[in-house]
Amino acid sequence: MKVHETRSHAHMSGDEQKKGNLRKHKAEGKLPESEQSQKKAKPENDDGRSVNGAGDAASEYNEFCKAVEENLSIDQIKEVLEINGQDCSAPEETLLAQCQDLLFYGALAKCPLCGGTLICDNEKRFVCGGEISEWCSCVFSTKDPPRKEEPVKIPDSVMNSAISDLIKKHQDPKSRPKRELGSADKPFVGMMISLMGRLTRTHQYWKKKIERNGGKVSNTVQGVTCLVVSPAERERGGTSKMVEAMEQGLPVVSEAWLIDSVEKHEAQPLEAYDVVSDLSVEGKGIPWDKQDPSEEAIESFSAELKMYGKRGVYMDTKLQERGGKIFEKDGLLYNCAFSICDLGKGRNEYCIMQLVTVPDSNLNMYFKRGKVGDDPNAEERLEEWEDEEAAIKEFARLFEEIAGNEFEPWEREKKIQKKPHKFFPIDMDDGIEVRSGALGLRQLGIASAHCKLDSFVANFIKVLCGQEIYNYALMELGLDPPDLPMGMLTDIHLKRCEEVLLEFVEKVKTTKETGQKAEAMWADFSSRWFSLMHSTRPMRLHDVNELADHAASAFETVRDINTASRLIGDMRGDTLDDPLSDRYKKLGCKISVVDKESEDYKMVVKYLETTYEPVKVSDVEYGVSVQNVFAVESDAIPSLDDIKKLPNKVLLWCGSRSSNLLRHIYKGFLPAVCSLPVPGYMFGRAIVCSDAAAEAARYGFTAVDRPEGFLVLAVASLGEEVTEFTSPPEDTKTLEDKKIGVKGLGRKKTEESEHFMWRDDIKVPCGRLVPSEHKDSPLEYNEYAVYDPKQTSIRFLVEVKYEEKGTEIVDVEPE
């Protein structure tokens with residue numbers, strides 16, 4: 001075996017260094033200056049007792065801790081913990097702190113959420129070291145932990161020690177003081193901060209603010225935690241003070257760090273407010289979870305996808321440049337990707353394992369494991385193996401080490417059982433993810449120039465076959481990691497995601513949990529979800545609105561993008577062979593541009609303009625203008641003749657991301673994935689439309705810098721019986737089973753006197769939006785739901801452009 005490259009970083013954290021220095025100072029019989037400065041004389045009464053009782057207890061505890069550390073061995077400490085039912089698996093320094101707390105304040109009871117062991121975290125709170133489930137570590141946190149109401153048990157070896165009398169003094173639960181932890185709302189405790197340049201507030205203001213929040217201000221950069229500067233200092237090139245800070249490797253941050261830390265009562269990550277490290281050769285190099293979400297999104301969006309699917313050789317190996325291919329034997333492809341998201345521990349990591357064959361070379365094994373968005377610190381190695389069987393055995397061993405399961409049962413039958421603290425496989429499909437296989441910006445012009453389709457239709461297909469709409473959709477959802485192909489997953493993996501979602505939706509509907517137990521339930525689901533749906537920015541979901549946005553809607557988008565990946569395939573090398581016409585044929589549809597002088601075009605424009613209200617982003621409102629209207633006939637969608645045979649037909653608006661359009665045309669509408677008491681999911685697993693273009697426009701609008709979008713107009717047959725609701729129905733299952741047409745009554749409705757018929761018997765509810773009598777409805781506009789895809793037929797795709805109201809956009813023709 002030959003090792004080409006190894007990269008592994010193991011750094012001692014700031015907390016570990018601080019603890020190490022503290023033990024050293026204690027051993028030398030002195031405290032660091034920062035602690036000495038804090039041991040100031042306390043105000044006293046006439047009898048000499050401290051005014052502050054809590055201060056007395058804290059001082060007594062410090063002396064007690066010193067005595068325990070100096071007189072008890074690590075074996076005695078473990079004995080104390082074991083006999084009192086405490087965990088002894090932590091590092092020695094943690095065990096010492098646990099023992100000191102136990103002997104002085106009493107033995108901690110078990111965690112009320114999971115039954116795990118409680119430990120003190122940075123003198124600010126007690127947290128649990130247990131697990132809620134195999135997916136998520138416990139999230140229990142408190143400043144006042146439960147303690148056993150019984151005397152502390154003392155082993156014989158400690159009873160015979162020099163401090164036995166001191167320990168016995170605290171055995172009785174009645175004589176124990178209550179532990180007062182450090183205040184978490186003083187974010188700058190223990191920090192020395194230096195200020196420079198013209199800030200939005202004066203240096204004197206910030207000096208008082210910093211000191212009030214536990215910190216100190218220094219006029220120099222010697223020994224400081226960070227240097228706070230104005231952005232203007234960077235533009236001017238900085239002063240000698242800033243240069244000195246950079247030379248010493250000190251964080252140089254913006255004033256926003258001070259503002260946010262004070263507002264949030266907690267020191268924010270310095271890396272996220274850095275203003276100068278991008279001046280170095282390697283760029284910022286800030287882990288994505290430490291960055292502002294908007295900055296992280298830019299980095300993930302600009303990152304190239306490194307593995308396009310099950311047969312994709314990982315880009316960083318460089319082996320694809322030598323003709324490398326994924327090793328395959330006995331029907332197995334030796335390429336595995338893993339994910340773990342444990343929000344209880346703050347973990348969000350990935351792992352890649354590949355065996356790669358290269359012409360005229362030995363078998364290569366590639367391994368990479370790291371935190372998402374922190375590539376410089378990932379563990380990475382590429383090894384050459386002369387013995388093929390030995391390489392296969394090592395691959396299987398690594399799989400079991402990473403996932404806690406055997407490789408072959410997983411790869412052949414997808415049998416897997418999630419194990420605590422272990423990764424879970426992301427089941428990649430054998431294809432090319434759309435972020436890799438679709439047309440890039442440079443290829444789009446060449447492809448459309450060689451396309452034999454009508455120019456308007458060619459331009460529309462170009463949008464659906466370009467990388468951009470899929471890149472943006474995944475980026476906005478935080479599902480665009482460059483290391484894993486989230487747009488090329490197997491149906492089995494997508495089904496597993498759907499089952500996890502549906503199971504949790506039912507749990508939410510029936511649970512009576514509140515407080516930290518409810519938080520634990522949501523944290524457990526969130527960890528499961530973002531382990532399966534590998535994300536660049538996982539979050540702990542808290543309510544049904546977040547569940548709809550970040551789980552249900554995200555799942556539907558990823559599912560639809562996977563469909564697009566399979567249909568688009570690899571378009572990177574055939575732009576001269578008219579790939580757009582080829583994909584158009586695969587769609588199995590007929591798309592034609594509607595003449596702007598036709599009655600249909602005028603009807604569509606009138607319907608949109610009459611039922612539209614501006615989309616509001618912050619304080620800016622966006623109007624909309626029609627660019628083109630396309631008529632659609634698809635093999636997967638009921639024809640107009642078929643739908644006209646059904647009763648109670650209405651022409652309605654359907655909102656959709658551009659990234660979902662290809663799937664809608666190719667396969668037809670799918671019902672919502674689940675039932676939630678929020679718009680879009682309120683009526684269960686239904687296809688939901690609206691009579692207001694304003695409602696659909698919310699889904700079609702993506703961002704102010706991407707003003708183009710599409711709205712869908714479809715004919716829906718509501719059936720003979722229509723049930724109306726002004727609040728979420730309690731039982732959507734009956735509606736789904738009986739396929740009853742539903743109308744949700746919103747706070748606004750279209751003026752009925754203005755409605756008209758289209759194509760003889762299809763109602764067009766086109767009318768001015770006016771207030772309805774249902775002022776307490778959760779819906780702003782009317783929503784219509786049908787449960788059978790055969791009751792809907794897409795008729796028009798409306799290309800629109802969102803424009804800031806009050807501004808005039810002039811399209812300039814190229815010379």
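Every residue number used here counts from 1 along the chain in the order it is shown.
Cβ coordinates are placed from backbone N, Cα and C, and glycine is handled just like the others.
Automatic, uncurated: that is what TrEMBL annotation is.
Taken from TrEMBL, the feature compositional bias 'Basic and acidic residues' applies to 1-19, 28-49. According to TrEMBL, the feature domain 'BRCT' maps to 183-275. Annotated domain 'WGR' per TrEMBL: 323-423, in sequence order. The domain 'PARP alpha-helical' annotation in TrEMBL covers 450-569. Among the features that TrEMBL reports, domain 'PARP catalytic' is placed at 578-809. According to TrEMBL, the feature region 'Disordered' maps to 1-53.
Counting residues per DSSP class in helix, strand and coil order gives 36 helix, 15 strand, 42 coil for the domain 'BRCT' (183-275).
Mapped onto DSSP classes, the domain 'PARP alpha-helical' (450-569) shows 84 helix, 2 strand, 34 coil. The DSSP breakdown of the domain 'WGR' (323-423), given as helix, strand and coil counts, is 26 helix, 41 strand, 34 coil. Note on the domain 'WGR' (323-423): its mean pLDDT in the predicted model is 94.
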